[in-house]
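Participant: Handing you a structure now.
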Amino acid sequence: MGPVSDSLDSENKARESKIHSYGRSFNGFAARLLPHEAAKLSNVEGVVSVFPSRKHRVVTTRSWDFLGLNRRSKRNPKIESNVIVAVLDTGIWINSPSFSDEGYGPPPAKWKGRCVTGPNFTACNNKVIGANYFDLDNVSQFTEPSVADTEGHGSHTASTVAGSAVEGASLYGLGKGTARGGVPSARIAVYKVCWSIFCSDMDVLAGFDEAIADGVDFISVSIGSVAVDFFRDSHAIGAFHAMKKGILTSCAAGNDGPELSTVENVAPWIMTVAATGIDRRFVTAFKLGNGKKFTGFSINTFSPRNQNASACEVDALSQSKVKGRIVYCLTTFTDYNIESLGGTGIIELLEEQTDSSPILLLPGAVIPPVSGKYIDLYINSTKDPRAIIYKSKTVKIAAPFVASFSSRGPQLISPNILKPDLAAPGIDILAAYTKLSSLTGKIADSRYSLFSVMAGTSMACPHATAAAAYVKSFHPDWSPAAVKSALMTTATPMKIKSEDAEFGSGAGQINPTKAVHPGLVYDISLDSYISFLCKEGYNSTTIGLLVGSKEYNCSKIKPAQGTDGLNYPTMHKQLSDPGSAITAVFYRTVTHVEHGASVYRANISSPVGLSVKVFPDSLDFAKAGERKTFKVVVKGEAMRDGTRILSALLEWKDSKHVVRSNILIYRQLLM
């Protein structure tokens, strides 16, 4: 039993404590230990780290067209069909038309995985080629475990990546069109690591271990993970081992925005995805008895009825006041209470900014405070207040913009790496759902649908995964870092700017078709990541154990250069002293990935008070595959007058390409 028995002083006790062994792609185990046993184990030679298994939460017809990746876009169907995307989530509803394998050939020869069947999941097919589940916490102890999706979240994310095209898809007529994944020819491998909405570290690591060994090309993880030291972060550990095998991992940035320093999944070898809005929104209109009309936000699938209305006093709700009425409440998430008391509709007042539309249990709408005062006046002006709530409709809006809920940087683990990396659609996304749950997940809800609308960085993540797979289908030999670089340097800036700048959107919103021809890429090798970890202060022994070799000695490795020590597509510095002058140096190497010779010239955009210079300011490439190195020097006086973010832009331009790198300087204001 090795390290476990060493820490428990007993072979039998070690066997009883051990829950799971990770050994297909990396070495490790999960065990039930007391605090003093865990502490003893952490000191055993050969152990990289010991950390508690935390619980994490899981965090379309229009979105792909909005991104420019439509059904007419150029594709490599043969190569795309050979791409396997692993989805670590709540499982899958295999009976959805989004997972039909009509027209698909057998799984790629490289596939080594299994198909674990169970209740409501009797077989895989040539679209969903593999399925497995991990429940090391025994959450499903009272039911027979299965890959079948009882939440809808996993089916939604899987279909967003690689769902088959389904014409006429909608949610009760809303968002009607053809639902499809970004790489509809690709194959899906499902790893159920979340039970209800919770996902434990040990299950997530088991999913990574299995997926890497099974031969997948991409791993999509729409699961939140509060940023911690990389060697105690299951997502960072799993993604590092994936990266070693040439697999890019995409992760959700988190849903704790708009506050700063909330971004999750921040390891530089992870593609961290923020959420943006697309150019449509679902809104719900309602009319008061006095004829005044208002618009709120919700997914209201119910037909309109003219009904009595009343105010909602949360502390004194009674059936006599609620039954048969549309109820106006000064808080959100009250629809379940109102429905249980016999209410027939609800209008809720927003407590904070939102840009997504919730699915309510009753006919209803969520309204901004400015509308609330008029409703108050109306209800108090008549003895017989009435209202009609209409079925939701689609409206056009300006986009892209960063979702209010999307977690923001700066990150706290590696302060000079800008996170999130990029952004993708994550507001009101229509995709596959499950027939094992109602639309709201509540028993009182009788609505079941093959498709549903969801919002979150969970929805953004699979968009970015699919975009990466699309790029890879044109460049099968590109590394994970090269694919990620192509998406970042060709990303679309936000149409609606926010004061968070790139802390909200990273490099911008993905532009998949443009990323196929990025001009230049910032590649990162395994050795470069090791050098970066040494610069970050990680122990040589720990790094060696992580990569499976004792040869890594930080004192013998060429030191990582510059402020950040990594060949990252963006450049970032957090000032340790808020009152200090700005000085930063970034060393970068770019690879020419287009055909023939080309000359790129640097173009700098910077704000007053920030000097950005590039040496050299032109790069002359003779052929594809050639590499050139340059240095960026950033200087400025101390920031004044409450300024905390200075944002600049470096663009390398030739006759056809614009290669964008955001430069962000941040200082924490003293309280």
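The first residue you see is number 1, and the count goes up from there.
Including glycine, each Cβ sits where the backbone N, Cα and C put it.
Annotations per TrEMBL:
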type	residues	note
DOMAIN	8-55	domain 'Inhibitor I9'
DOMAIN	81-506	domain 'Peptidase S8/S53'
ACT_SITE	Asp89	active site, charge relay system
ACT_SITE	His153	active site, charge relay system
ACT_SITE	Ser458	active site, charge relay system
DOMAIN	566-665	domain 'Subtilisin-like protease fibronectin type-III'
Participant: Could you tally the C-beta atoms, other than its own, that fall within 10 angstroms of the C-beta of Asp89 (active site, charge relay system)?
Facilitator: 29
Participant: Enter the number of other CB atoms within 10 angstroms of the CB of Ser458 (active site, charge relay system).
Facilitator: 29
Participant: Using C-alpha atoms only, work out the spacing between Asp89 (active site, charge relay system) and His153 (active site, charge relay system) and round it to an integer in Å.
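Facilitator: Given the Cα positions, Asp89 (active site, charge relay system) is 7 Å from His153 (active site, charge relay system).
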Participant: Please report how many Å separate the Cα atom of His153 (active site, charge relay system) from that of Ser458 (active site, charge relay system), as a whole number.
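Facilitator: Here the two Cα atoms are 8 Å apart.
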Participant: For the domain 'Subtilisin-like protease fibronectin type-III' (566-665), how many residues does DSSP put in helix, in strand and in coil?
Facilitator: 0 helix, 60 strand, 40 coil
Participant: Average pLDDT across the domain 'Subtilisin-like protease fibronectin type-III' (566-665)?
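Facilitator: Mean per-residue confidence for the domain 'Subtilisin-like protease fibronectin type-III' (566-665): 96 out of 100.
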Participant: Tell me, how many other CB atoms lie within 10 A of the CB of His153 (active site, charge relay system), whichever protein chain they belong to?
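Facilitator: His153 (active site, charge relay system): 27 neighbouring Cβ atoms within 10 Å.
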